[in-house]
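Annotated features, as they stand in Swiss-Prot:
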| type | residues | note |
| --- | --- | --- |
| ACT_SITE | Ser78 | active site, schiff-base intermediate with substrate |
| ACT_SITE | His83 | active site, proton acceptor |
| ACT_SITE | Cys98 | active site, proton donor |
| MOD_RES | Ser78 | pyruvic acid (Ser) |
Amino acid sequence: MAQIPSSRTNGSGAQMRVFGLHVYGNFYECANTELLKSPEELEKVVLEAAREGGMTVLDIKSWKIGEGVSVVAIILESHITVHTWPEYRFATVDVYSCGGHTNPHRAFEVLAEALKPARVEKGVAERHLE
C-alpha cells in the first residue's frame, strides 16, 4: 500500500506502525435531502472529497437502493463510502486512507459540508501493526 504515515508506541511502550487512518461517522438531519437521493450528484461530492483530501480515485460506483444511495470509491490509498437514507435524513460515511500524504479528515469535512447535517457523530481509528 502507500507509505506508512507514522510510528507510535502503544500503552505498554511497544512500537506500532500506523498504516492508515479511518475517519467515519453518522450524519443526522441532513438538510440536503436531494443529494441523499442522487447517485450522480453524490458521486461528484465523493470525487471532490477525495480531491480535497489528496487521494487518488481508481474507481467509483453507486447504486440506488430504494430512496437511498450507496457510493463506493476505491482510492489508491484505500476507500471512501457513503450510504444514505433520505426518508430519515441520515447518512453514514467512511473515509479510510493509508497514505501519509492524504487528509481523510478534510475529505470527511467536504462530505459534511455538502450533506449539511444538523448533527455529526465522528469517530477516528488508527489502523496499526504492533
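Each residue, glycine too, has its Cβ placed from N, Cα and C.
Fair warning: this is a prediction, and the values are worked out from it, not measured in the lab.
Around Ser78 (active site, schiff-base intermediate with substrate), taking its Cβ as the centre, 23 other Cβ atoms fall within 10 Å, counting all chains. In this structure, the C-alpha atom of His83 (active site, proton acceptor) lies 22 angstrom from that of the residue listed as 'active site, proton donor'.
The active-site residues His83, Cys98 differ in how many other CB atoms lie within 10 Å of their CB, and the one with the most is Cys98. Between the alpha carbons (Cα) of Ser78 (active site, schiff-base intermediate with substrate) and the residue listed as 'active site, proton donor' lies a span of roughly 6 Å. When secondary structure is read from DSSP and collapsed to three states, the residue listed as 'active site, schiff-base intermediate with substrate' falls in the strand class.
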